[in-house]
Amino acid sequence: MSVPPFTIRPAAPRLDGPTGPVAVAPGVHWVGALDPGLRNFDVILKTANGTTYNAYAVRGSEGVAVIDTVKAEFAGDFFARLEAVARYDEIRLIVLNHLEPDHTGAVPELLRRAPQAQVRLSPRGLPMLRALLKDDFERYDIKGVTTGQSVSLGDRICSFFTTPFVHWPDTQCTWLAAERVLFTCDLFGSHYCDGRLFNDLVGDFRFSFEYYFDRIMRPFRSFVAQVLDLIEPLDFGIIAPAHGPILRSHPRDYLTHTRRLISSWLAAETGSEKTLLIFYVSAYRATAQLAQAIHDGAAESPDVRVSLFDLEGGEITPFLDLIEEADGIALGTPTINGDAVRTIWEMLAALVDIETRGKLGAAFGSYGWSGEAVRLVETRLQGLKMRLPEPGLRVKLHPSAAELEEGRAFGRRLADHLTGRARPREVDFAEIAAR
């Protein structure tokens, strides 16, 4: 009997997983690996419940397809399970939905054992695979595929959907219509290791599912929304991700739940009122005075909502939702020992977890001797793909009345850029470096 998503079953996951392959659908087997001891993934998120590296073998009347592999340390588990369902000379197709190392760790050895196999992946994944295989790349039948292309296994066909930036540029999905299985790689995944493998058997993994989405997919939510539109017409009965439980019970509910996770963020982006957030750290109140002046100038625009935040002694994480929903941010920092202050760098580091591409960015601050902080912050904002329409504003020591007026004018110009009243302009690296 099927159950809704996240129905609470025994709280503790089972870490003693299957020793062999596991049937997912007729002719489809899980041949992945369990990693219950993992506690930190890609540096950016904690994994209290470990993770799984899900790989799949699909048997057709004319050969076998292998869809994704596992992290290199678990290649032995992968090959043992694969050998239980297929001979290497039967492997006709290797599909790489994503080239991150936790999905391609066994690829070089798999190709050595099955050199006759076709390798199919997205065109954007080709340079990554070339880097992985080095000189061996030319030895194999490797081609990029896009939406609408497919490879036949006889009575089963693997069809491909290009799904870029979910969450790397190379990501794609693979559709097995005969068994209604959609292989989504990282999409719909979760770092949750339970040897029972299926969502209707494992413990309650709601937190892991939502936390994974927040830390991995959230910066790419607009791309995820497009992919949901692309795959929604498919009559899938199973979603087979590359991490976490296989979603065989009510799989479409996970698509709906993912839409809910992103709907509020996308709705915030469509509002007519623009938002500007100003964050600052100040040693002797000089940068604080400049921040207030910028705030006052920007707030003169009736179409811009401006908020001012002193970061001293506060936590960065609570601001991330606000920043993601905002249209622009301005960061203020004094220059201390030739650099921006640590709190500002911590905020800049945290911004990699959210979508910042295309947002307005600006920097300002006071200094005593060298004044590099503003330039360094601007460079990082550009690295985050934000647009900088105005050169950063710096004042030496405490701002004068004239410099405070310059700050208000700076704020007015930022507001004009947000509302489209100013001519589009973007500061480039050469202009930053020259200051």
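Even glycines carry a Cβ here, placed using N, Cα and C.
Counting every protein chain shown, the Cβ of Glu100 (Fe cation 1 binding site) has 19 other Cβ atoms within 10 Å. The annotation Fe cation 1 binding site is assigned in Swiss-Prot to His98, Glu100, His167, Asp186.
Per Swiss-Prot, the feature Fe cation 2 binding site maps to Asp102, Asp186, His243; the stated evidence is similarity to another entry. When secondary structure is read from DSSP and collapsed to three states, Asp102 (Fe cation 2 binding site) falls in the helix class.
What Swiss-Prot lists as domain 'Flavodoxin-like' is 276-415.
The annotation region 'Zinc metallo-hydrolase' is assigned in Swiss-Prot to 48-228.
Residues Asp102, Asp186, His243 make up the record's Fe cation 2 site, and a Cβ search at 8 Å around their centroid adds Thr51, Tyr53, Asn54, His98, Glu100, His103, Cys185, Gly189, His191, Pro241, Ala242 from the same chain. The binding-site residues shown are His98, Glu100, His167, Asp186; of these, the one with its CA atom nearest the CA of His243 (Fe cation 2 binding site) is Asp186.
Separation of the C-alpha atoms of Asp102 (Fe cation 2 binding site) and Asp186 (Fe cation 1 binding site): 11 Å, rounded to the nearest whole number. Per DSSP, the domain 'Flavodoxin-like' (276-415) is made up of 60 helix, 32 strand, 48 coil.
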